[in-house]
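Listed features, source Swiss-Prot:
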type	residues	note
BINDING	T241, A242, E243, E295, S395	L-serine binding site
BINDING	R272, S273, E274, E359, I360, S361, S362	ATP binding site
Amino acid sequence: MIDQNLLRTNLDDVANALKVKRGFTLDVESVKALEEKRKALQVKTETLQAERNARSKNIGAAKARGEDISALLAEVDNMGNELNEAKVALDQVQAEIRELLLSVPNLPADEVPLGKDDTENLEVSRWGEPRQFDFEVKDHVALGEALNGLDFAAGVKLTASRFVVMKGKLARLHRALSQFMLDLHTEQHGYVETNVPFLVNHDTLFGTGQLPKFGEDLFHTQPLTGQDPNETQRPFSLIPTAEVPVTNLVRDEIIDEDSLPLRYTAHTPCFRSEAGSYGRDTRGLIRMHQFEKVEMVQIVAPEKSMEALEELTGHAEKVLQLLGLPYRKVLLCTGDMGFGSAKTYDLEVWLPAQNTYREISSCSNMWDFQARRMSARCKAKGDKKTRLVHTLNGSGLAVGRTLVAVLENYQNADGSITVPEVLRPYMGGVEVITA
């Protein structure tokens, strides 16, 4: 959620920036009308409160003099009723302003390139050279099925399309990837491993910005019947990413600035309805309703967040480098950024069967957009005032897509897969996966 003070002090500039950079039309007249109404009610409430306090003091003085105070009491009571009505009206207007703010995306950082979609993203760098094959390249589906390790038909039978069953050595390779990522981030990058719930409540999804705007992208549990007195009446939602529960660990907290930055990592399943993705990436593991990801989250002081974004992105890059997977780093343009992001880098891994780079990690600096929703603050020693923290998140990496990249980049002419060296300790020393 953007800072309400920006709308009070720089409404036209903010509206123009949102239009130019985000393609978002802010209803300026509604904002102005609500703000004028809020100001008037704020003044009225404060005036009535002051007058009521003064009258109350007069009652005490009159009572001490032995005077009849019934008229004064009635006056104070009436004023109290008027004050309560003004407070209710003020709360209602503030709620309307808040509701309006919830639909407004974050303002991009100045260095983010203008653009309408992913075709206008800016390539920053490349690492590694795509392998030149001397045989016909197979995609990960053909490779995985031939190795009896990927069973998409079983996924459909058990649930529906966009689900898969992994078996045998490929299931172990998938597990090895997640363990390798966690070990790297905790042992070399300074992250604290967390094990978080996969079901979360409304407040948690609101805090990181999934609700109210992106509810259709989530899987929600059905409201409970209420017939069992032991049931809770609150439905939950499956997490679309570990960013949601992990970032919310600091919700409603005041953090000692000396303890910043906080770095957390978690390996979780992720669940997405993929609303609006009908017909896209229907083959294979690229776009699933359920997939696993190792997430990185950082909570930092505001002045450190841009530096932290470079660091966090570098941590995701290190995974790809150690796996020997060619990739490119892309700075997203304004039209391709997430709703709450101020700046985002995507890492795109080379997939030989598609002869292109595909997203495998997205690393974002959210500034104080999430922190304002979560009331996540920090305070320096000796300071009376708190300030909002900045939050960052990034995939380190999406495990299923990393498996895709390993299968395709490390395939051999006979359909076997060479296990990357860094994964062999997690595979019991296995060097090559065969059928």
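Heads up, the Cβ atoms here are built off N, Cα and C, so glycines get one too.
Between the CA atoms of T241 (L-serine binding site) and R272 (ATP binding site) there is a gap of 9 Å, rounded to the nearest whole number. The separation of E295 (L-serine binding site) from S273 (ATP binding site), Cα to Cα, is 19 Å.
The CA atom of S395 (L-serine binding site) is located 15 Å away from the CA atom of R272 (ATP binding site). Taking the mean position of the Cβ atoms of T241, A242, E243, E295, S395 as the L-serine site, the remaining same-chain residues with a Cβ inside 8 Å of that point are V244, V246, A266, T268, C270, K293, V294, M296, V297, N393, G394. DSSP assigns E243 (L-serine binding site) to a helical segment in the three-state reduction.
In this structure, the binding-site residues E243, E359 were compared by how many other Cβ atoms lie within 10 Å of their Cβ, and the smallest count belongs to E359. Reduced to three states, the DSSP call for E274 (ATP binding site) is coil.
With the fewest other Cβ atoms inside 10 Å of its Cβ, the least crowded of the binding-site residues E274, E295 in this structure is E274. Here S362 (ATP binding site) comes close to G338, T344, Y345, D346, L347, G394, S395: these same-chain residues lie at least six apart in sequence, with C-beta atoms under 8 angstroms from its C-beta. Around the Cβ of R272 (ATP binding site), the number of neighbouring Cβ atoms within 10 Å comes to 20. Here the binding-site residues are T241, S273, and the one with the most other Cβ atoms within 10 Å of its Cβ is T241. Proximity of I360 (ATP binding site) to non-local residues of its own chain (separation of 6 or more, Cβ distance below 8 Å) is seen for L320, Y327, L347, E348, V349, S395, L397, A398, R401, T402, A405, given in sequence order.
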